[in-house]
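Engineer: The structure under discussion is supplied below as structure tokens; questions concerning it will follow.
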Amino acid sequence: MAESWSFLDAFEPNFRPLVVIELAKGTKEETIKWFTKRIVDKKANGGAQLLVKPLVTESGDENIYLIGASHLRLLLGAETVGLVKECNDNSMRTFTYSSRKTFKDFAVRRLLTSGILVQIFPLHDREELKKLRQSWYGRVKVGYQPLDEIRCYFGETIALYFGFLEYFTFALIPMAVIGIPYYVFAWEDYDKYVMFATFNLLWSTVILEVWKRICAIMTFRWGTLLMKRQFEEPRSGFHGVLGINPVTGREEPVYSSIKRQIRIYLVSLPFVCLCLYFSLYVMMIYFDLEQWALDYHEENESNFSNLMLFVPSIIYAVVIEIMNRIYRYAAEFLTSWENHRLESSYQNHLILKVLVFNFLNCFASLFYIAFVLFDMKLLRQSLATLLITSQILNQFAESLLPYWLQKRHKKRMKKRICSLKTDTDLSLVEQVNLEKEMGTYFGTFDDYLELFLQFGYVSLFSCVYPLAAVFAVLNNITEIYSDALKMCRVYKRPFAEPTANIGVWQLAFETMSVISVVTNCILIGMSPQVNALFPDAKMDLILTVALVEHLLLAIKFIMAFVIPDKPRDIQIKLARLEFESLEALKQQQMKLAAESLKE
């Protein structure tokens, strides 16, 4: 068995712990021996060829193991997982051990391990984290986030989310600047929302196209723009009978795709439809409450009755958030039960389920008010209430509550460990005990979902409530600081994941922008200004609105085609890298041919 560290042992300088693994209590001794052997064994024997040390605390009842690696193993691991590093010529290339000296400050942090465990997480680097906190949210400042430092510490996926959050916040400013005077001087005059809706159409298209270019610039600088998709291993939750994988030739679980399709179409799909029906049923209850509040106000005409007009919308907004969260758990359970082999397939099915429900749950009432009831005043009131209430609830549930719980946990740790200091002078044992109780960050799904719904509120109906962009900007500014705080102080350090873009969320935002074109065109067609042009020809009005909508959609897709996703200089650099790769391949082939002729 590997050598242990007792609670009072001195730190061993030649072993740097990188990852913490906690096994279930009561794990059999032979299982632990098999597990540690798989970690330290050579790769040829099926092991990971890493270093492992059990961490023995005073209680002695916790199966906690610290995983590290030699410097050589880290470099070989970097080549195996295809990490990208900057070369001395300032280009970004896939790291190889044989040419390691051509890379600037070659080193890696990412480490993959597997086993039977309760949890696995990388330890925070206290010194690096302290520097990052200071430059990120240590002081309130007007400026850009340190995205390169965030990427170096948390990886490209998280850095790209914060980059998108920052960009989207700046992109909302023009809408907010126009919306404030529009609200002040013309918010009750619905004849004038045509201009705002027209600007909304152009804005929602341009910002997404510009983001693609900014994303390409960042990911090229980070070396992940041309990242090739690696062969995916089966996800940890995948199960089935043992069989032979025809691609790898290895023995692994196999599950019938027919069974999976049956589960999707005969169980998951009907369940999603039932949830959508229930969401619409709750929406109709909300409209009954709205009618009751309106009748009460007409009978009493008081300040209290005026406040009561907002109560149904607030209650409905809270119910929407509760339903979204309950449905999220159900969607995760169903998607896991469908037994997808690959993580990408699992994520795609989960995102589709969640987006469909959240879209209907959050926006169905607004569509009903706008295009069935034709009540612009109620639409403005409902939009404002849903947007502001959802932002307050999200800030509380995702930032304030986790931070408060983490503060309570630190207080309990202070009682258990004498003279514990949360920022400096933490021993290794104290650090492990503190971090293993911290929350787990489950990825950027919820963060992107929140921005997606916010984009919907702003782009679909903000012409009737111009302050929507203003509240979105204020929320996102606090979101940047609160998300940074929880990443550094509330959650365990997540494993870094390279990425070239925001993935399926780009398609989701573009789909929302297409829907916004249709929505704003119909709102323009409903305006008294446009209706006055067609006093006795409603069919002509409908055909004109449809024609304009098709024309704007055509312009939108032409803009998406004309505006390059990558700037010209990035295209040239990529072409140069491809040329150099082909030249290197030719030289290698010529060298092999020359050697064969000599023989």
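A Cβ is built for glycine as well, from the same backbone N, Cα and C atoms used for every other residue.
Taken from TrEMBL, the feature domain 'Anoctamin transmembrane' covers 150-576. Annotation source TrEMBL lists transmembrane segment at 167-187, 193-211, 264-287, 307-327, 350-371, 451-474, 541-563.
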Engineer: Decide whether the stretches the transmembrane segment (350-371) and the transmembrane segment (264-287) have at least 3 CB pairs under 8 angstroms, with pairs required to be 6 or more apart in sequence.
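Structural biologist: Yes, the transmembrane segment (350-371) and the transmembrane segment (264-287) are in contact.
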Engineer: Using a Cβ cut-off under 8 Å, which residues of the same chain at least 6 positions beyond either end of the transmembrane segment (193-211) come close to it?
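Structural biologist: Here the qualifying positions are 164, 167-168, 171, 174-175, 178-179, 182, 455, 459, 462-464, 466, 506, 509-510, 512-513, 516-517, 520-521, 523-524, 527, 529-530, 552, 556, 559-560, 563.
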Engineer: Counting only residues 6 or more past its boundaries, what in the same chain has a CB within less than 8 Å of a CB in the transmembrane segment (307-327)?
Structural biologist: 275, 279, 282-283, 286, 289-290, 292-294, 296-297, 354, 357-358, 361-362, 365, 381-382, 385-386, 389-390, 393-394, 397
